[in-house]
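According to Swiss-Prot, the protein carries these features:
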- 44-53: compositional bias 'Basic and acidic residues' (COMPBIAS)
- 56-69: compositional bias 'Polar residues' (COMPBIAS)
- 44-69: region 'Disordered' (REGION)
- 274-305: region 'Disordered' (REGION)
- 6-120: repeat 'Solcar 1' (REPEAT)
- 142-230: repeat 'Solcar 2' (REPEAT)
- 239-369: repeat 'Solcar 3' (REPEAT)
- 12-32: transmembrane segment (TRANSMEM)
- 98-118: transmembrane segment (TRANSMEM)
- 204-224: transmembrane segment (TRANSMEM)
- 245-265: transmembrane segment (TRANSMEM)
- 310-330: transmembrane segment (TRANSMEM)
- 349-369: transmembrane segment (TRANSMEM)
């Protein structure tokens, strides 16, 4: 990183551009991981269809719209072969358009609020930096707590804002071939389709594990910031794009290992919201909540467990998204074991590390170009000497309106002069 000061929007646009490039390069790995995380549900559907076919002969396994991967443990290579056989190489890029749209918006929002929050915290911890200039140089990095706070704010805002995009992406990636109409839509059309046919709540399916996943960038960027500070202190130089590549990859490795179970849960919830109707979901919720403390056994076990009734009452009062996440996680543990939470981890680690490495590298390379464009735009619009915020934009529009409407010129100009 250079010692020059970069605008918050420069970081936002550079992050969005870096995300687009890195996602494009690693998207086939994203597809494999998503298939691995959600494959069990598709396998279960196929097994049921095979049983029905064997009983009455009314259904042929070959006529099923669901995946017909064998019942044995599925490797990543088998998933790859299945995708290539059924859909060709383009199957590895199902949902790419929505993923690019999602990562661009996510990174733009994240980096903007990360830089904005980080600089705000730095000004408050170092009041002397606010005298004479509003800019704060972050080349030595944020403290641990500042990194975590900035990551929490930026992560929460970006997750909530982009969750509908990722719901659409998961469905387009997994079900684009089987779902017909949904697979032919672009991201905005898919979101509108879900909104009209299933309601706005479905667009925020998986928001609870998504908010838990705010821990992922917090961990990643905290590690990145601290290692960046270490390099600046020890080597007496700024961080280069290659340094950023290595530090970003290492931070993502640690963050992904810690938060991967929530990534799997989120993918399961995105698929579950479409494959099961509301009545089945409500019935499953009631049955599962009653069976959780009993560990799947008979009623006598509830008497042996003095906390069963209390746990049931607590769970019944929790918000529906939290209960749904808890039930899905419990069923995965009971039916598939702990390993189900880490299915596809190897490919995900490879994808995440490469994606983070490319992201940090491209972001550093694009930062100078992005900053030059932003500052040129500011000079043209008259905002070069001020931070780019809502107040400046409003004043710019006021000035423009005054130029077009002479009657309002005498009322608005004095207001700006007073400030």
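Cβ atoms are placed via backbone N, Cα and C, with glycine included.
Note that the structure is a prediction, hence the values are computed from the model and not measured.
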Can you tell me which recorded stretch out of 98-118, 204-224, 245-265, 349-369 has the most Cβ pairs within less than 8 Å of the transmembrane segment (12-32)? 349-369
So how many of the residues in the repeat 'Solcar 2' (142-230) end up helix, strand or coil by DSSP? 74 helix, 0 strand, 15 coil
When you scan the chain for residues with a C-beta under 8 Å from the transmembrane segment (98-118), skipping those not six or more beyond its ends, what do you find? 6, 8-9, 11-16, 18-20, 23-24, 27, 30, 138, 142, 146-147, 149-151, 153-155, 157-158, 161-162, 165-166, 168-169, 172-173, 186-187, 190, 217, 221, 359, 363
